[in-house]
Amino acid sequence: MVFRIASSPYTHNQRQTSRIMMLVTLATVPGIAVQWYFFGYGSLVQILLAIVSALASEALVIRLRKLPLKSHLGDNSALLTGLLLGVSIPPLAPWWMVVLGTAFAVIIAKQLYGGLGHNPFNPAMIGYVVLLISFPVQMTNWLPPQQIAATAPGFLDALQVIFHGVTASGDTMSQLRLGIDGVSQATPLDTFKTGLHAGHPAGELLAQPIYGGALAGLGWQWVNLAYLAGGLFLLARGTIRWHIPVSFLVTLAVCSTLGWLIAPEKFLSPLMHLLSGATMLGAFFILTDPVTASTTNKGRLVFGALVGLLVWLIRSFGGYPDGVAFAVLLANITVPLIDYYTRPRVYGHR
């Protein structure tokens, strides 16, 4: 009998990085479809523009580093970075903002650290935060859902506005965003926060047309439920683990419930927190980034809970309406510390 001796590892996982990235990309399709339904073709244009910009930026740096283009570009990480940034940008934001944010995410936040596997911060969230801080007005100007908007721009109109600032008929972005009386150009989270700071009671704010009698704002609850469906698909396939999404959502739900029970006139309800903004996109597609999140099971629970707490604090007391991007980046800083204190004990070690 012949015994063959091979080097470790003795168990192999056949899943390649490119396949995992593609599965995550496919899981975003339900959310993207719902965003298109409520917010129009501009969302699709921004996503496509961000993906092309991400791939071009990645190819440029790979060429400059004299690395094999096919293997590095074929891991689909740049595609996913562009997609996640594209879905986060308002549908009619200028094209150059998308290109700038995506290039910063890929070149500075990813490749400057050495490429995939070496970046300490989530590249898509770095690009988003850079745009949000640099261009706060453009980054918080969302179209009202098409169902209550006076004019719903078609595909050609969306292209004209994104690349030229006006539609073919001469309508500007401001005119398209006007919608109907009482409809602002902000998201439900932004509308609520701004109204509270102005002294309006919560009940009066939630009666505005942008909420449309929905649990978390017209359109936004369905967007979040669609991303939840995509996230459950990833969990069922074993592409991501449950620890981070569950701890994030549970912590956010607990904190928001306590705040709402104590002062419902000042704090959003837990359903509003869970089904508005980037909650479900963050829970299943952003926080679960294997490079920038914790690597131990206990650490993943701590990481998710920390992000959930930070999101609630930023939404409730901070200057920005959502807070998912800032919370993720702040938690990324703590990952080495979390992993250090939650690493499994070595067998036979005291």
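Using the three backbone atoms N, Cα and C, a Cβ is placed for every residue, glycine included.
Since we're looking at a predicted model, the values are computed, not measured.
When Swiss-Prot is compared with the stretches 47-67, 215-235, the one noted as transmembrane segment is 215-235. Below 8 A, the CB atoms of the transmembrane segment (20-39) and the transmembrane segment (267-287) form 3+ pairs separated by six or more positions in the chain.
Beyond the ends of the transmembrane segment (89-109), by six or more residues, the same chain brings 39-43, 45-46, 49-50, 53-54, 57-58, 60-61, 78, 81-82, 119, 121-124, 126-128, 130-131, 135, 138-143, 153, 158, 161-163, 165, 173, 176-177 to within a C-beta distance below 8 angstroms of the stretch.
Listed by sequence, the residues of this chain that lie at least six past the ends of the transmembrane segment (267-287) yet keep a Cβ under 8 A from its Cβ atoms are 24, 27-28, 31, 84, 87-88, 122, 124-125, 187-189, 192, 215-217, 220-221, 224-225, 227-228, 230-231, 234-235, 240, 244-245, 248-249, 252-253, 256-257, 259-260, 293, 303-304, 307, 311-312, 315-316, 321-322, 324-325, 328. Cβ neighbour count for Thr187 (FMN phosphoryl threonine) (all protein chains, 10 Å cutoff from its Cβ): 22.
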